[in-house]
Amino acid sequence: MASLRPILIHPDPRLRKVAAPVRGVDAGLRQLADDMLATMYDAPGIGLAAPQIGVMKQVFVMDCAGKDDAPDPMVFLNPVITWSSEETETSEEGCLSIPDIFEEVTRPAVVRLRWMDLEGHVREEEFHDRPAVCVQHELDHLNGKLFIDYLGPIRRSMITNKMKKLKREKARA
């Protein structure tokens, strides 16, 4: 049975650490993936990386299905972008570790990703549009990078201060 995990809020230093590769698939890793999907859906969000719940492993989950579509959960282990388009796309991004903040970020419009699935098979697929943004955003988390790192220093500092204030208010509650 899946358990909801607490999501770390920026500027938690664990969000800036580089995650370690997964060595193999076992029951513990499958449980982690189930917990991550349950936590992501509960939040609600479309992606969640293991470091966001304090687990420093190269794992992320996503489901970019539309509201009216059937769920399409995906689990990515040791993901690597093998190719990205020169064409870029700017879109609004948010993050479960930076709640209620949305900013425009420019990224490659298309990426090819190689990863291992929960069966231990290596897969490779091209992602476009919203899924392309999501895999890049979640892969950044595995490398200790946040979407606010693509913003200017003043805006990034303002958001960080807002998150510090939010954490203080939650601690008092």
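Any Cβ shown, glycine's included, is placed from N, Cα and C.
Copied over from TrEMBL, here are the features:
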- Glu138: active site (ACT_SITE)
- Cys95, His137, His141: Fe cation binding site (BINDING)
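Shown here: features listed in TrEMBL, placed on the structure.
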| residue | record | contacts (Cβ under 8 Å, 6+ apart) |
| --- | --- | --- |
| Cys95 | Fe cation binding site | His10, Ile101, His137, Leu146, Phe147 |
| Glu138 | active site | Gly47, Leu48, Ala49, Phe60, Met62, Phe76, Pro79 |
| His141 | Fe cation binding site | Leu15, Ala19, Ala49, Pro51, Gln52, Phe60, Ser97 |
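Other residues of the same chain near the Fe cation site, with their Cβ within 8 Å of the Cβ centroid of Cys95, His137, His141, are Gly47, Ala49, Gln52, Glu93, Leu96, Ser97, Glu138, Asp140, Leu146, Phe147.
In this structure, His137 (Fe cation binding site) is part of a helix by DSSP. Reduced to three states, the DSSP call for Cys95 (Fe cation binding site) is strand.
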